[in-house]
Structure formats: C-alpha cells, structure tokens
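Down below is the structure, laid out as structure tokens.
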Amino acid sequence: MFRDFGSKAGSGGQQSASLANVDRRERQTQLALENIDLEKDPYIMKNHIGKYECKLCLTQHNTIGNYMAHTQGRRHKYNLHKRIAADQKDTPIKGIQKQEKMFKKTLKIGRPGYTVSKKINPETKQKSLIFVIQYPEIDKELQPRFRIMSSYEQKQEPPNPKYQYLLFAADPYETIAFKIPNKPIDRGEGKFITEWDKDTYSMTLKLHFQKEDQKQIPKIPPPSAKLPPPPSSLGTRKLALPGKVIPPPPINAPLRKQ
Ligand SMILES: [Zn+2]
C-alpha cells in the first residue's frame, strides 16, 4: 500500500508551519498593540497595500512590529522632537494635515542619483547649470517633472531671497530640490533645455542665468540736442541772398591762459 498519507502529512506539515508563522506574527502584533496604544499615535497609518507608514518620517514598515521598532529609533525620535518644537508655534492638527497634503502616498524608493555641473557659455559668457538626474526605476509610463519654486513657496527651510529651488519629481523616487541662486533665468531660445532620455533613464535640464547687464534697465539716451530743422526744399537751392559769412577761425590763435 502506498503511503499517500506521508506526502499529505508532509504538505500538511508545511501548511501548519506557515500558519504558525502567521499566528506568531499576529501574536507579535497583539503584543505590540497591548504595550502601546496605537490609537493614540497620530503618526501611524495603514496604507492601501496593508503596510504601515510613519506619517512623521514618511517611512514604510512591513509589520506593526517594524513600525514599533521604528518609533524607538533615532530618526523617529529626532523628527518627533522637531515636530513638538514646531507644534509649539503651530497647532498640531494643522501641522499634520499640511504634511499629509504635501506628500502623495506612494511607496518611495529613495533619492535618484544626479550630477550638477557649472559652465560658462563660451559665446555669451552667461553662467549655466546642467542637471542630470538618473531615474532607472521610474514608472515606465511616467516622465520626470520639474518645477522652479521661490524661496517663500518652499516649506523645508526658512526663506532666503538669495535662493530659489529647482525641483525634480518622478515616482517612485523622492522629490529632490536644488538650491540655486535667485537670479533671473534666461528663457530665450536654446537657453533653457530639458530632455528626457528614455533609453538611459536620464533627465537633463540645462539653464542659463541672465547676464548681469541683461537685467539692467536699458540706458535712456540723453535728450537729443536741438537739431536744426531739416532743410526745406528751398535750402537745396543756392539762394542769391547775402548770407552772413562766418570767417574761418584765426590760425595760430594764442591759447587763452587759464
Ligand atoms: Zn517615524
């Protein structure tokens, strides 16, 4: 007799092992829940794929246990400290709502790689910046987006009117921002170029700043000296009128002493 039971028992065994895992995880979860009142934690959020997010640090955690461990970590404590300090100025509810609106709830995989180079246009002597951002894991239907933001519009740093911010965004990457001088950007032909290379997954943005003298108010010409009226048609004719003859200046006239 074939012992079919054997294999069945085996697979049954595996099944119960994985069930035991689930059980264990649930127990861990239960334990975590018992120890800390998560309902009072304003930063935990279960997302659409059933994982846990820390709204404070914008991190994602596979299990509630991982989330709990995260709340004991340096990053969370640091952010919590910052938040408490900020809340003393702002109302806490307002602060959290603001942050929720600012960040789309997508799983972010980190910052993209990038290079920035400074150049001087050999022809126009304008200063230029070239940004190349690498997005190898970009969502295939997407194209990176960019935006220039004023120092007052951004909320990450205290505003400084000397700077403006150039932002690049492409899911699932984190949005990155470059702080650039707050100088007028030349939007003339060939001066502001963006290119998305689908084969190398690289986004290139090249910008030129207007030259210092470009932004100056054009010189107003001095009020024109009173020019003699254009000669009338008569003027072209030799008039037989006795005009005043101005004598030529005397040659070798002695220079007046000052
Ligand atoms: Zn956190």
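Even glycines carry a Cβ here, placed using N, Cα and C.
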The annotated region 'Disordered' range in TrEMBL, which must be one of 1-25, 76-100, 151-175, 176-200: 1-25
Predicted model, mean pLDDT over the domain 'U1-type' (49-83): 90
